[in-house]
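Notes follow the structure.
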Amino acid sequence: MGETGYEQKKKAVVRSSTSLLDILYIATIQAKQHPLIFWMSFLCCFLSVLSIMAVNTVVDYMPLIFLIEAEKAQGDIDFRIVAQNTSNPFLNYTAVTQLLSQPSLLQSKESDAILHELKTAPRQEYTGWLYRVDSGACTSTPVESVFCQSHPHASQCSATVCSEDGFFTRVFVIDDALERAANWGRGSSVTGEEGSPLSPDTVVLSQNIADALHVTTGDVVIMQLKLEPSFTRLLRPSDCSEGCDETRLEVWRQTVTRSVLRRRVRVSSSAHHKLPQGLSNFLFVDTSVDSSFLDDLLGGIRPANTTLADPPVLPSLESYSSFLHHYAHYIGANLPDKQKAAFYANGNYDRLKEELSTVLEAINYQLGFPLVTTQAPLLSELSARGNVNMYLSLITDLLLLLLLYLSANLLSNLTRIMIHNRMGDYRAMQQMGSRKGVLVTMILFQILLYAVFSTLLGVLLCYVLGVAFTRVMSRTLHLSISMSFSVKTLGLALLLGLLIPLLAAVPSIHGMLHQITTHHTSSTQVVEYTIQTSKHEHLLPPFVILISLLMSACGLAIYYFLPLGFISNNMTVVFYVFMLILLLFVVGLVMLLLPLLSPVATLVQRLLALFVSPGVASYSKSTLHNTRQRVFRTQLSLLFGYTLILFIDTIANSQSAILLTNLKYYYGSVIQLTPADRHLSTTESLIAQMKADTVLSSLSFAWISQPLRSATDTRPSLTTPGRVVGRDLELLAVDPEVFDTLFRVWVKEGERGEEGRRSAGLSHTLQEMDALYEAKNQTYAIVPTNIHDAFFTSIRSSTLALHFDDEYHALHPFTSLRWFPLYPFSPPLTYLSSYSSYALTSAKQFQQFGELMVDRIYVKTPYQDSTIRVEETNQYVHHLTSRYKNVIVGSIIPEYKTLKWSMDALSYLFLVITVIATLITAFSVVSNLSIFITNHTTEINILRAIGFTTRQITVAYLIITTSIVLAPLALGIAAGIIISYLISKQECMIVDIPTGFAVNPISLIVSIAICIAGQIVTTLFTLKRVFRRAIAESLKGE
């Protein structure tokens, strides 16, 4: 009979007269002869590469998403140049603009980039409603004829509108630079559908309004506007020099507040959000287009029900365009869009901010008086969102560690099985004179076969999924995002797909070479192991157990008991230190549980042995005891694997809590109200009216004041004894509800020196403070930790000097052990409360610092700490906007939807990683148990020879394998639950959100079921393969 190509190639290999192609051919044939091992190895590498690349790709694109979301909230403005003194509206902005327009002053030495764009945002606004025109589905609502006097087409004054489709909005008059920002992506000029300039009857809708009304560019909407009393402020003194007395102005003011303009306009939908979030809810009317629309809007309206024969007419756009410029809200300097992400990633934002501050100092020096200050709102917003990205990056690194361990363990076992199946061939080839290097090359080629193909397939599939992901992001964020892999992502793919399989094979190859050298006479494929029967040998030295105990105790104490912010003011440092401490605790906890593996396995075996015959119970007990060293590796992989699996599952199920954490920290509450009249008494009356509203009875209301200013519009500064330079800060008054329902801070209890503890409620804490501080003439404040750390002193035992309006006030602080929520004020805040207590100053006592004006009202829903109900929140918003016309209503629902989309995507990715890790762990169990039972073939045949039935042997090995698997499985789940509890409690401790148990019980049950099913099927399948051979033949072979 002729020899096959495989036999010929093998003889060539033995003669060492072959090429690498021949070795590759033999490796391919051997892989085909054992396809199960090949495809299991292939699947392990493929899943590892695909999962780690998918997660890293999402994390790599998170900075871009956060940058876009930050621009939604803070606008396409990198630096705001704000007037330091606004008491004089005619400050020389022209001189400032000329200085800022010089590239030499604004060129970054580090980045060689120029702040190239200056923008003004006039604060002229109108409130109103938009209605989508829908002639077939809604009740006909004729438009009053009085509002159509100036409309060129009288027939358009009667339209069918849907009142329930109305969307509350405001109209801003903006300059052409900001208008271009609203239409970012359309080009340098504002155009309609066909590229022509917008007509005077066309307005630009921000994307969120267009989506809410279901309209696109070219559609027609009904715009209903209500003129605000603030329009009287547009009248310059020269406009009222003749025939414009105070009485007529007062009548006009009262009339205008009841006047509305309803006009049919065409829509040009903005392609992107590039304005601050406060401006994203607006219609945009450009001052650069034909002014007839604005003239009609501002000057051509005749109020209804007025008896005045000749009401005063507001000035036209041209007559107050320069006036608008002087009343600009801010001047902003912009970076080029393409450089923003790189600037933030490389840390150049801080350097550029310092350089801009230097430029502004030079401007103030040239002008001779302090005119402007600088703010970097986008940087602050990115810093807040950057913590999330940092968190995700660290979790990705933990995923890498998990996959490294599980993949290396499984691939090592599969390589052992592969070598075990071909041991007879390797020994024969070695005895015939083949070199060891050729055998090693042959094994490495078999490994590279599945490693290379699995890596290429994983990268290709991840690229396809990434393209789909970027397209979804592009549609959602209205951008054009291209797909690309970072160097780190590709490096991790090569590490998990190529390097780890090769490194995992090294111990098995070394063991194979040792065996074929020391066992020359054996030609069987069964690998013999020395059975360890020592009863007193420790699995772990006592020293290792002691170190593990110390690691767990220290990690738990530092992680759980020390407050956030004790390490550094840098949240990045704090987060990484705490997560590394948590990882230290995880490793220590796993190592501490290792000595319990053998006792728990023995306990499981004894419980199961109660239901079987004494012979089966005795054999299972002795086998489990004698092989405890050999199964230790299997149990370790299960223990560590399931601990990390539950850790990742905890992270996956904590995404909603993390989302609520960020929203709560940044926004404070689900709904925010901005009252038209910001006086405290009016605001409190408004809150009382809302509380009496039956629809709003379940809501909580709390206010926060505007930063208190002196008569010269300067900020207060804070100093301590022995410190010369003060620290500027914002001084705010807050409602007690803010403390009790939103912040719920820990407070150090003054001079008693006790560590901060969780207060049962603000009122209880204040009662204790009152007992400590009975003096009524002192001012007390809650000072955030970051202010406390800035002075490097024990604030608890010192008195701060508050320099305000050329006066010094003694301020007695209570130090908060947590950082306060983020607000668009800089630098960090000191809060004073209006609580009527000895310890905290009442609202009346604030008047010594300045007039108290409310900035906003926070509305808390009863469920916002645990979830956000979109529909119910929208109903509250609709009721507030329709019932209370003197407030501007805002909510976090748009931000919540966008963030929820990204967090849900990450949550699903983490769950996929959990499933993949579970499958890899199950494959590891299958491979280890297969080797374990195969190595007991001799004992199984001896049992069959002395009279044990196949059923008894099967029951015995089911007890043994169940004991081997259940012990680490139970301990791993226990460790994972402990970690999940600690993570949940830590999140709750930091942000006061009751996160609850974070592990998904369904995924936990499925994971356990997969592992146990793999153990049972492997045991039955392997034993069935052993039972196929006759007893005599098997013993003869052995």
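Glycine residues also receive a Cβ, built from the backbone N, Cα and C atoms like all the rest.
Where the annotation comes from TrEMBL, it is an automatic prediction and has not been curated.
The feature transmembrane segment is assigned by TrEMBL to 37-59, 388-408, 443-469, 490-513, 543-562, 574-597, 631-648, 908-934, 955-982, 1002-1023. Per TrEMBL, the feature domain 'ABC3 transporter permease C-terminal' maps to 399-509, 912-1029.
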Considering every residue in the domain 'ABC3 transporter permease C-terminal' (912-1029), what is the mean pLDDT value? 78
Below 8 Å between Cβ atoms, which of the listed ranges 37-59, 631-648, 908-934 makes the most pairs with the transmembrane segment (1002-1023)? 908-934
For the domain 'ABC3 transporter permease C-terminal' (399-509), the number of residues DSSP places in helix, strand and coil: 97 helix, 0 strand, 14 coil
For the domain 'ABC3 transporter permease C-terminal' (912-1029), what are the DSSP-based totals of helix, strand and coil residues? 101 helix, 0 strand, 17 coil
